[in-house]
């Protein structure tokens, strides 16, 4: 649906050229939730805003439904933007009351008052704000403001929804509510959602696939289950470790206090709940010492990770038994 073909972005600054996004080749599929993660300055916002040409690409091609949007004239660009909704980090609401904010993009299309009023009422009910139609933004909580922003973004019935750090200004409980609403939008309305964030936990909870940016370069991309559980690039690994609150120095200290081969076992799906560790220990005579562990979900898929020290018995046979059971093994210390 969305294709970046050698798309890049340069800026002029103080007489020199600065590269915000290096040539990028990537496809975002229709109907998926696609996440873009990176630290500040990685090029996330630039990449997102190129999709609706709030940022003009410096070169390359960017296709939406097969159409190269880099060559659109003003009228074509206006038509494109009606198919793309956008939600902002800091809400960007007008000072008018809630219903007025949602009605604003519809007024720009020239819709009749009757159609506008009906659509606004429908959207406010959909995001759970029907009781706040005549409330001003200053009277709303952060989560309510973001829901107004979501309703406004949906007003013109877009095919694509762009989300610019939509949860970074929210508390954890409100973040969960907003992510659940976005998941419902994707599930029930079939919208393609592209979101940027610096939090791997947001990617884990809502996205189907993810792209990792580092200083303007695409360094890793794939299914969230693959990228999250088996990160390849150092930037990706750092995001995952931040999410799991892993202190590498403390981990090294823990490792120094135990004997044996140290491995990380990753279980996905229903295997997460099977007593495989005990069974393999009995079959191979291996003693195990659990150093850390967690069970969580990537979107709807359960997964578990255990870091264990294996000693005695036959640790090589134990690792082979885990592999035969479909468990991914990462050797941390031989």
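Cβ coordinates are placed from backbone N, Cα and C, and glycine is handled just like the others.
So that you can see what the record holds, here are the features copied from Swiss-Prot:
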- 38, 39, 40, 41, 42, 43, 44, 45: ATP binding site (BINDING)
- 2-240: domain 'ABC transporter' (DOMAIN)
Q: Output, ordered by sequence, the same-chain residues six or more apart from residue 44 (ATP binding site) with a CB under 8 Å from its CB, or 'none'.
A: 36, 37, 38, 196, 197, 198, 213
Q) Counting only other Cβ atoms and using a 10 Å cut-off, which of the binding-site residues 38, 41, 43 scores lowest? A) 41
Q: Across all the protein chains here, work out how many other Cβ atoms are within 10 Å of the Cβ of residue 40 (ATP binding site).
A: 7
Q: Tell me, if you would, which residue among 39, 42, 45 (binding-site residues) has the fewest other CB atoms within 10 Å in the structure shown?
A: 39
Q.
Name them in sequence order: residues not among 38, 39, 40, 41, 42, 43, 44, 45 whose Cβ is within 8 Å of the mean position of the Cβ atoms defining the ATP site.
A. 198, 213
